[in-house]
Amino acid sequence: MESWPWMAVVVLLGLTVRWTVSLSSYSGAGKPPMFGDYEAQRHWQEITLNLPVKQWYFNSSDNNLLYWGLDYPPLTAYHSLLCAYVAKFINPDWVALHTSRGYESQAHKLFMRATVLAADLLIYVPAVLLYCYSLKEISPKRKIASALCILLYPGLILIDYGHFQYNSVSLGFALWGVLGVSWDWDLLGSLAFCLALNYKQMELYHSLPFFCFLLGKCFKKGLKGKGLALFIRIACTVLASFLLCWLPFLTEREHALQVVRRLFPVDRGLFEDKVANIWCSVNVFLKIKDTLPRHIQIAISFCFTLLSLLPACIKLTVRPSCKGFRFTLVSCALSFFLFSFQVHEKSILLVSLPVCLVLTEIPFMSTWFLLVSTFSMLPLLLKDELLLPSVVTVMAFVIACGTFFPMLENTSEEQLQLKSFAVSVRRHLPGFTFLPRIMQCLFLSSVITMVLLTILSVTLDPPQKLPDLFPVLICFVSCVNFVFFLVYFNIVIMWDSKNGRNRKKIE
């Protein structure tokens with residue numbers, strides 16, 4: 001318990017950084033007619049407050065779906081409604097139907113930022129603290145350090161408090177789910193993850209590891225006895241939670257189908273804007289987004305996604321463990337980001353959360369990944385005029401991680417979790433003893449490339465014939481890094497012989 005005062009200091013530091021970033025610009029500030037995600041969140045408050053539930057997801061004269069139509073699950077809509085009631089109490093003009101479109105003021109900005117902070121404090125921050133405090137076999141100092149580094153992760157701060165979204169809500173629920181199933185509170189863990197999934201459909205990135213881990217637990221208990229009972233209880237919990245969230249939309253079949261259509265808009269294409277995944281990178285050379293029929297794009301992305309995540313999921317099902325679960329969360333989320341259909345640049349945050357959870361186990365690789373994930377969103381951050389907050393938060397994160405987890409000192413085969421893999425390789429190549437040096441060189445090359453591209457993007461104008469040169473280069477470089485990380489995490493998973501024997505609650 002003596003570490004809790006220091007945990008309080010960590011929280012205050014994290015909140016200070018968050019609120020400082022919130023003083024900066026936001027998505028679409030002063031840019032009519034569509035503005036940006038800030039206006040989207042405000043508009044959803046306007047719609048949910050002034051229209052009946054049955055009209056929230058339907059196009060009408062009062063709800064133009066082409067103007068930031070609601071396209072997130074019901075729990076997001078309920079959250080918007082809750083915020084709308086508070087907004088109406090403070091100033092009804094903020095959420096007045098039609099007349100509030102594009103509303104901007106310092107008071108309203110303060111309110112919107114405060115709603116993000118409140119959600120963070122209620123859901124995400126407590127989950128992070130509990131997770132770090134519950135880590136086993138590490139010192140209290142290391143627990144505090146891990147909490148500090150996670151709370152200072154710049155990607156989430158810049159998107160939620162700069163660009164403006166509520167990612168901490170879905171990620172927080174997902175983290176509560178991780179805690180629940182890791183402690184064998186499987187029903188509570190399942191409920192928490194269902195809340196995450198009903199807040200943002202992109203939490204599907206984490207769904208297969210949850211399913212495989214819980215299914216593996218049921219298999220271990222025996223599907224003819226306790227395992228079957230556990231499976232039924234979990235299934236009932238999932239069905240009940242979805243039923244409660246979707247109840248207002250299940251009165252009519254067409255209503256439910258319309259919500260599903262809004263959640264999965266296949267007409268938007270293979271990817272949006274510049275995103276650091278395989279399809280956007282390949283599209284630079286082969287215009288697959290424009291030449292291939294939409295159903296072929298969906299089929300190809302589905303097949304590649306499934307093939308890339310299948311090995312890790314199979315192993316987790318056969319040999320369920322807390323450690324395997326965390327690493328499979330990383331691998332599967334990264335597979336979805338790289339290969340799935342309709343990916344946004346901000347979806348990398350879904351990979352960053354589980355990477356934060358393995359920070360104490362592989363600090364070198366985790367820190368490296370988290371830096372690349374933030375860099376991959378640089379075009380969006382520059383568009384929102386968030387260069388200064390980006391530089392400052394990244395530097396703060398690097399200093400924190402470098403102080404408590406000296407990165408270049410944590411690159412031995414054991415610390416990289418690659419000992420088993422290296423031993424296997426040395427059976428065929430006895431001279432393969434330079435893996436740590438390779439990783440250090442790759443890290444330095446990656447960091448230098450990111451720094452150079454950042455400087456070039458800020459200081460130089462692109463050629464007139466290539467206006468998107470720097471965003472494309474940033475996405476391509478980030479994608480190459482992510483493919484490398486996908487290979488790395490799968491090697492760790494497949495060569496880890498401890499997964500099947502490890503039964504500790506939180507390692």
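In case you wondered, yes, glycine gets a Cβ from its N, Cα and C as well.
Lifted from Swiss-Prot, the feature list:
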{"type": "CARBOHYD", "residues": "ASN59", "note": "N-linked glycosylation site"}
{"type": "TOPO_DOM", "residues": "24-114", "note": "topological domain 'Lumenal'"}
{"type": "TOPO_DOM", "residues": "136-143", "note": "topological domain 'Cytoplasmic'"}
{"type": "TOPO_DOM", "residues": "165-172", "note": "topological domain 'Lumenal'"}
{"type": "TOPO_DOM", "residues": "194-229", "note": "topological domain 'Cytoplasmic'"}
{"type": "TOPO_DOM", "residues": "251-297", "note": "topological domain 'Lumenal'"}
{"type": "TOPO_DOM", "residues": "319-332", "note": "topological domain 'Cytoplasmic'"}
{"type": "TOPO_DOM", "residues": "354-361", "note": "topological domain 'Lumenal'"}
{"type": "TOPO_DOM", "residues": "407-437", "note": "topological domain 'Lumenal'"}
{"type": "TOPO_DOM", "residues": "459-468", "note": "topological domain 'Cytoplasmic'"}
{"type": "TOPO_DOM", "residues": "490-507", "note": "topological domain 'Lumenal'"}
{"type": "TRANSMEM", "residues": "3-23", "note": "transmembrane segment"}
{"type": "TRANSMEM", "residues": "115-135", "note": "transmembrane segment"}
{"type": "TRANSMEM", "residues": "144-164", "note": "transmembrane segment"}
{"type": "TRANSMEM", "residues": "173-193", "note": "transmembrane segment"}
{"type": "TRANSMEM", "residues": "230-250", "note": "transmembrane segment"}
{"type": "TRANSMEM", "residues": "298-318", "note": "transmembrane segment"}
{"type": "TRANSMEM", "residues": "333-353", "note": "transmembrane segment"}
{"type": "TRANSMEM", "residues": "362-382", "note": "transmembrane segment"}
{"type": "TRANSMEM", "residues": "386-406", "note": "transmembrane segment"}
{"type": "TRANSMEM", "residues": "438-458", "note": "transmembrane segment"}
{"type": "TRANSMEM", "residues": "469-489", "note": "transmembrane segment"}
The correct three-state DSSP answer for ASN59 (N-linked glycosylation site) is coil
By Cβ distance under 8 Å, which residues at least 6 away from the ends of the topological domain 'Lumenal' (165-172) in the same chain are close to it? 37, 41, 76, 79, 115-116, 119-120, 123-125, 127, 156, 159, 196, 199-200, 202-203, 346, 349-350, 353
Segment proximity, the transmembrane segment (115-135) to the transmembrane segment (173-193), 3 or more C-beta pairs under 8 Å: yes
When you measure from the Cβ of ASN59 (N-linked glycosylation site), which residues in the chain that are at least 6 apart have a Cβ under 8 Å away? LEU65, LEU66, GLY69
Long-range Cβ contacts under 8 Å made by the transmembrane segment (386-406), restricted to residues 6 or more beyond its ends, are 17, 20-21, 24-25, 141-142, 145-146, 148-149, 152-154, 157-158, 162-163, 359-360, 363-364, 367, 370-371, 374, 378, 458
For the transmembrane segment (3-23), could you work out the same-chain residues 6 or more beyond its ends whose Cβ comes under 8 Å from its Cβ atoms? 113, 116-117, 120-121, 125, 129, 132-133, 140, 143-144, 147-148, 151-152, 157-158, 160-162, 386, 389, 393, 396
Any contact between the transmembrane segment (144-164) and the transmembrane segment (333-353)? By contact I mean 3+ C-beta pairs closer than 8 Å, pairs at least 6 apart along the chain. yes
Remote residues contacting the topological domain 'Lumenal' (354-361) - C-beta distance under 8 A, at least 6 residues beyond either end: 131, 135, 138, 142, 146, 149-150, 153, 175, 178, 206, 323, 326-327, 329-330, 333, 367, 369-370, 373, 405, 417, 507
Among 115-135, 333-353, 438-458, which stretch has the most Cβ pairs under 8 Å to the transmembrane segment (362-382)? 438-458
Counting only residues 6+ away from its ends, which parts of the chain sit with a Cβ under 8 Å from the topological domain 'Cytoplasmic' (459-468)? 274
For the topological domain 'Lumenal' (407-437), distant same-chain residues with Cβ under 8 A (at least six beyond the ends): 361-365, 367-368, 401, 443, 491-492, 495-497
